[in-house]
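K.L.:
According to TrEMBL, the protein carries these features:
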type: DOMAIN; residues: 209-282; note: domain 'PA'
type: REGION; residues: 311-333; note: region 'Disordered'
type: DOMAIN; residues: 380-511; note: domain 'Peptidase M28'
type: DOMAIN; residues: 752-823; note: domain 'Transferrin receptor-like dimerisation'
């Protein structure tokens, strides 16, 4: 030991005494602060100037739900629908911008948001746009609702010139299609705007081509295989197909890969079920059958490869973005046409007997599709209600743009969203504040390829991955049968809310098997067989809801970012009036007459979405069910295994390693279920033991500094039990248990709050565990290894897609083995995380 002189000894003694005094002082400060914290969080915040005469009583969960359910109203939904269908509103047009501002006004009025002098319209990537979203998770962000518009700049096209002709032997036009829809005074909007929007395909190839005509049924992968087997050669041909079966773009992709120079799509009355002219029904607007001049517009982008702006895949479309040429669209031209025009063309290759035969027309057709593609602004209208827990965000959205009026698609969903907004406005007026932050979105340019939501998701990918709890989607609504698709973790929650949502003298859950009002009659055998097969599969499934593929705005949240998602709508059945999808006949009159008479369906959907959101936002334990997910993983594997019974036994090992990993994940999830229950009960038990000392006033500055509260919050009663989690999270982030004085019951309660937080993080991050950084081979934008749009389906879901398609599409045992190993490792990592 070294020598220490007297001066050094004195300094050492002084230092030790100083540190001891500092520790004592810090402990006293911590003790006082803990006492202050318990008082301030249990009692009432007061303003510095006065005591509120009568603070608003806290609403129980049941009272919140009852208040919300009382708000959605049929007349209000009808009025909203009429307002947003008053004119065509194609994405990127002045009318679309007008609607974006109209939705902004709805948010401002219902949420009590002050209207600034300048509209809060922010170019994407600007500081204002970034802060509008990113600050929502900051403790420094105010507590009042906000609303704004984000402007993105994708490349989109408009129809410039479209022409379709049958040529005579000299190459001159013998017949020219009108390529228009005929309006009718019975539906005045169709008369006024009959030629307002060209009949063309968004994101379509530009060209002027000629070739003989050949029929390819739906244009599915199987249809093209059958056509080639029949001896057809598609090189230099123009293919004609009917809508249905698969994504529009994939019909073109299949033809293009086989050498076709162009493709025509038409709406076939064979797909209209029982409500047809042949069964005695009048065409719309006189009756419920198909208007023969109706044309289905729509995007032909290959969203199965990647959605969003074609020129900025994986990155947001800012005005100054570096752009690629785009690789998710067809090169050959295409056109959508009416049944009236299709009938004439089909006469050239066999008339009404529409079967795959490989027969080509004797005469050639000329197809012209010229488009004007350019950078075009689009407008996402957003709003947020800050919650007590700033780092957990629940999102709800519906797109707003339409191909023409869009009374069903998407205003059927927008009308329901309008009522959801009104319901949450009523809750705010009653003094409610959500536990978790809520984000509302009115997406733009969904019809062009899910552009608005995708650009937002790519723009804020890191923030959404860190904070998003779930995404709830709305879209079109036009039929008698209610249905839902989504992440298995949301299935039990959705079922419970639907069973509690009243509808037509029963519950919304009961409407899953409802039929349309028109009786059965003669119908196309192929269509009915396909419909009945789908229904049989649905009814036989043990799963509560089906998996999501693509085709709406949930895509980026679920399949790119790993955020649990769900969508729901009323859809048509063979007994329903024919829905004129993407045509001028998707009008308010059609919606009120056939799709939703009385607007009771819009109200039911709004009520169900509201309950779903309330439980996602205000439940202490996030209501996500990982056990249901694990059980459905097993079902997904079973379905694949049943499809490969004729394959070599060497594949058995691949199924075994996946199944074993799913089994272990199930056991870990069962344990998490027990922990969820225990953590919630312990939290509530300790809450009842918290001290009930008199309130301490005039310390608001310290409170605001600790919790990031804005001044207006300090006059409110903080007595929601759920708010404890949020405030303790804010105060204790990064603080170890031992750093707090042992002041029962506060110390135990702090541990209980942290226990709840730990459980919730496992639940929220569960869906993220299915993401692969590399993505699905050949379409790397899609990161989810459990569900994706089918490579040759587009809309429909393919479960365990890499493994599934390696086996069933590619017959590639080596790729299947790699996918099986990847799934095994992924599920094992999830198991480890749940057990941590």
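Don't overthink the numbers, they just go from 1 along the chain as shown.
Any Cβ shown, glycine's included, is placed from N, Cα and C.
Automatic prediction, not curation, is the source of TrEMBL annotations.
Keep in mind it's a predicted model, so treat the numbers as computed, not measured.
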K.L.:
Just to confirm my parser: what is the rounded mean pLDDT across the domain 'PA' (209-282)?
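P.N.:
Computed over the domain 'PA' (209-282), the mean pLDDT is 97 on the 0 to 100 scale.
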K.L.:
From the DSSP assignment alone, can you count helix, strand and coil residues within the domain 'PA' (209-282)?
P.N.:
25 helix, 17 strand, 32 coil
K.L.:
Per DSSP, how many helix, strand and coil residues does the domain 'Peptidase M28' (380-511) have?
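P.N.:
Going through the domain 'Peptidase M28' (380-511) residue by residue, I get 50 helix, 42 strand, 40 coil.
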K.L.:
Helix, strand, coil: count each for the residues of the region 'Disordered' (311-333), based on DSSP.
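P.N.:
The composition, in the requested order, is 0 helix, 1 strand, 22 coil.
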